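Enquirer: Questions regarding the structure given below will be posed in turn.
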Amino acid sequence: MTLYVLSKPILLHFLTQLRSKNIDQISFRKNLVKLGRIIGYEIVNTLDYESIDVETPLGTKAKGIYIYDLENILIISILRAATPFVEGLLKALPTARLGVIAASRKEKEVQVGYPEDIPVDVYYMKIPQVSHKDTVIIADPMIATGSTMRKAIKSIVNSQPKRIYIASVIISEYGLKRLMEEFPFVDIFTISVDPEIDNRGFILPGLGDAGDRAFG
C-alpha cells in the first residue's frame with residue numbers, strides 16, 4: 001500500500017474552509033468538488049502510460065505520452081457525502097464509469113471506546129462489472145472506522161481489478177491502520193490523517209458530518 005498525503009497549499013486552503021463551522025452549504029459542496037478534481041489529477045499522475053509520437057498541424061512530429069489506463073476507470077461513490085467529491089473526480093476523469101454504494105451508521109448501537117464495533121448498514125449497491133483491466137477508485141471524503149470502505153473493497157476485490165485506489169479528504173489514524181493491515185494492495189489518496197474518533201464514530205478534529213453539511 002502507498003499512502004499519498006497531499007499537502008499542496010491550495011488543497012490545505014480548501015480543507016481549512018471545509019473544517020470551519022462558518023462555511024455555508026453551497027461553499028462546502030463547491031470545495032468538495034474542487035478537492036475531488038485536484039485529487040483526480042493526482043491519481044492520473046500514477047497511472048500507466050506509454051510514449052507515442054503525434055503529428056502537429058505544421059506537419060512535424062512531437063513526442064508525447066498516452067495514458068492508456070484512462071480507458072478503464074471505475075469510480076465507486078459512497079453516498080451521500082461523496083456526491084460532490086465524485087463530481088470533482090469526474091471532471092478529471094470524464095470517461096470513468098460510475099458505481100454507487102449507500103450505507104449508514106447505526107449510531108445508537110455505538111459502544112464507547114470500541115469504534116470498530118460501529119455497525120454499518122449497506123442498503124444499496126450498484127456497481128458495473130469489474131475486469132482485470134480496471135482501475136477502481138472508491139471515493140469517500142471522510143473515512144472514520146473504515147467499515148464502509150472495507151465492505152466496498154470486498155465487493156470488488158474478487159474481480160481482480162488492475163489496481164484499487166481510495167480517494168478521501170480526511171481519514172482517521174484508526175481507519176488508515178485498519179485498511180492498511182487488511183488491504184495492503186490498496187493505495188490511498190487523502191489530504192489529512194486526523195488523530196481521533198469520538199464514540200459516535202466522528203473524526204476529530206474532522207469537519208463534522210459531511211453529508212449533512214453538504215445537503216442539510
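Cβ coordinates are placed from backbone N, Cα and C, and glycine is handled just like the others.
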Enquirer: Considering the 5-phospho-alpha-D-ribose 1-diphosphate binding residues R80, D140, P141, M142, I143, A144, T145, G146, S147, T148, D209 given in Swiss-Prot, which of R97, R105, R163 is annotated for that site as well?
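Expert: Swiss-Prot names R105 for this 5-phospho-alpha-D-ribose 1-diphosphate site.
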Enquirer: May I ask for the distance between G146 (5-phospho-alpha-D-ribose 1-diphosphate binding site) and G208 (uracil binding site), taken between their Cα atoms and rounded to an integer number of Å?
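Expert: G146 (5-phospho-alpha-D-ribose 1-diphosphate binding site) and G208 (uracil binding site) have their Cα atoms 16 Å apart.
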Enquirer: I'd like the Cβ neighbour count for R80 (5-phospho-alpha-D-ribose 1-diphosphate binding site), meaning other Cβ atoms within 10 Å of its Cβ, all protein chains included.
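Expert: Excluding its own Cβ, the number within 10 Å is 16.
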Enquirer: Should I203 (uracil binding site) be counted as helix, strand, or coil on the basis of DSSP?
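Expert: In three-state terms, I203 (uracil binding site) counts as strand.
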Enquirer: Please tell me which one of the binding-site residues listed here (M142, T148, I203, A210) sits closest to N31 (GTP binding site), measuring Cα to Cα?
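Expert: Closest recorded candidate to N31 (GTP binding site) by Cα: A210.
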